[in-house]
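Going by TrEMBL, these are the annotated features:
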BINDING   Gly91, Thr92, Phe124, Asp210, Glu211, Val212, Gln213, Thr269  pyridoxal 5'-phosphate binding site
BINDING   Arg127, Thr268  N(2)-acetyl-L-ornithine binding site
MOD_RES   Lys240  N6-(pyridoxal phosphate)lysine
Amino acid sequence: MNLYNRAPIAVDRGEGVWLIDTEGRRYLDCVAGIATDALGHAHPALVAALTEQAGKLWHVSNIFRIPGQEALAQRLVDASFADCVFFANTGTEAVECAIKTARRYHHVNGQPERIDIVGFAGSFHGRTYAAINASGNAGYMEGCGPRLPGFVQLSIDDTAAIEAAIASPTTAAVIVEPVQGEGGARALSGEWLLRLRELTRKHGVLLIHDEVQSGMGRTGKLFAHQWFDGAAPDIMALAKALGSGFPVGACLATTEAAKGMTPGVHGTTFGGNPLAMAVGIAAFDTIANEETLAHARAASADFFERLEALRARFPDVIAEVRGKGLLIGLKMIPNNREFMGIARDHGILVAGGGENCVRLLPSLLISAQEIAEAVTRLEAACGAARGLMAKAA
Ligand SMILES: *Cc1c(COP(=O)(O)O)cnc(C)c1O
C-alpha cells in the first residue's frame with residue numbers, strides 16, 4: 001500500500017550510528033528507527049542474544065510458561081512502579097492493553113460508567129483504532145469512520161478543562177506522553193506531570209504514561225517520568241527501544257490497576273515470544289545500567305550545547321532547540337520535510353515531527369566525536385537551507 005513518503009535510500013546495513021545504503025554511501029543515523037535502535041545497529045550483545053535464541057526456540061504460545069517473559073517482566077517490575085507486565089509486539093498494542101486495563105479496572109470496581117479516556121492534543125499513541133481515538137489527532141482519524149465513544153481530547157495548557165475532565169464521574173483514565181515524541185519533542189514539565197498525578201489520584205482516575213518513545217533510557221533516565229519524584233503512573237506503555245529494533249511492546253501496571261485483567265480478558269499470539277524476550281533481556285541489561293544512562297545524559301548535554309550554538313549561528317533556519325535527553329527537536333523555519341532531504345544530502349538522517357520540527361533520536365551510545373560530526377553535517381545542511389531560502393525570496 002502506498003502509505004509512506006519514503007526517503008530515496010535503499011538501506012543495506014548498519015554499524016552503530018551509521019547506516020550504509022546499497023551503493024555504499026554512509027549516513028549518520030539520528031533517526032535510529034524512530035527512537036527504536038537505542039543501542040545503534042548490530043549491537044553485538046543483541047546479535048548474540050537473537051542468534052543464540054534462534055537455534056533454540058522461536059514460538060510456543062502464551063498457553064505455556066515462557067521463562068524469558070518472566071525474566072524480562074521481573075527486570076521491568078524491579079526497575080519501575082509496576083507489579084505486573086503484559087507483553088505485546090508493538091507500541092499501539094501496548095496502548096490498547098493500557099486502555100482496556102483502565103476500563104476493566106473500573107468495571108470490576110463496580111463503576112462500569114467510567115469509560116472515558118482523556119488524551120491530549122499533539123499526542124501520538126499508535127495506529128490502532130483505540131490509539132487514534134485516544135490521541136484524537138484529526139489527521140490520523142479522517143475517513144476512518146466515526147470517532148469511538150469514550151475518548152476526550154484536551155489541550156495540555158487548558159488547566160480548567162483538565163480539572164473538569166478528571167473530576168467527571170465517567171472518566172476512567174488519562175493518557176499522556178511525558179515527552180511528546182511525534183508531536184515534536186515537547187517535554188512536559190515536572191510541575192505539570194505531578195499536578196496530573198495528584199488530580200487523577202484524588203478522583204480515582206487511573207494515570208497512563210505512554211513511554212513508548214520516551215522510555216528505555218531515551219531521556220537519560222530509564223523512564224522519563226523518573227525525572228520527577230512522585231510522578232509515576234498506574235499503567236505504562238513501552239515498545240520501541242524495549243526490543244531495540246526487535247518488535248516487542250509491553251504494558252506495565254500496578255497490581256491494583258491490573259485487577260480487571262483476568263484470564264480470557266486479553267491476549268496475543270506473538271506477544272512475549274522467546275525471540276523477542278531474548279533480545280529484550282539483552283537490550284534491558286545494556287540500557288538499564290548507570291553507565292549507559294549516564295552516557296546518554298552526558299551525550300544529551302553535549303548535543304544540546306552544540307545545537308544551541310548552531311541555532312545562534314542560524315537563527316533564520318532553526319527557531320528552537322527542545323526536548324529531553326536524546327529525544328531532541330529542532331523547530332525549523334524552512335519546511336521540516338524539505339530540511340530532512342537537505343540533511344540527507346549532507347549525510348545525516350533526521351526524523352520529522354509535529355510543529356514543523358525535525359527530531360534527532362540517535363543511539364544512546366553515540367560518542368562525543370559522532371555528535372560533533374552530526375553537528376558539522378547539520379551546519380552544512382543549515383547553510384544549504386539558508387541558500388535555498390535566499391534564492392526563493
Ligand atoms: C511509536 C509510538 C507508538 C506506536 O508504536 P508502534 O510500535 O508503531 O505501534 C505509540 N506511542 C508513542 C508515544 C510512540 O512514539
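The count begins at 1 with the first shown residue.
Backbone N, Cα and C define each Cβ position, glycine as well.
The distance from the Cα of Asp210 (pyridoxal 5'-phosphate binding site) to the Cα of Arg127 (N(2)-acetyl-L-ornithine binding site) comes to 14 Å. In the three-state DSSP classification, Asp210 (pyridoxal 5'-phosphate binding site) falls within a strand.
Proximity to ligand 1 at the level of Cβ atoms, with a cut-off under 6 angstroms, picks out none of the binding-site residues Glu211, Thr268, Thr269.
Secondary structure at Gly91 (pyridoxal 5'-phosphate binding site), as computed by DSSP, is helix. It is 21 Å from the Cα atom of Glu211 (pyridoxal 5'-phosphate binding site) to that of Thr268 (N(2)-acetyl-L-ornithine binding site). For Thr92 (pyridoxal 5'-phosphate binding site), the nearest of the recorded positions by C-alpha distance turns out to be Arg127; the candidates were Arg127, Lys240, Thr268. The shortest Cα-Cα distance between Arg127 (N(2)-acetyl-L-ornithine binding site) and any of the recorded positions Gly91, Val212, Lys240 is the one to Gly91. The 10 Å shell around the Cβ of Arg127 (N(2)-acetyl-L-ornithine binding site) contains 15 further Cβ atoms across the protein chains shown. Of all the binding-site residues given, namely Phe124, Thr268, Thr269, none has its Cα within 10 Å of the Cα of Lys240 (N6-(pyridoxal phosphate)lysine).
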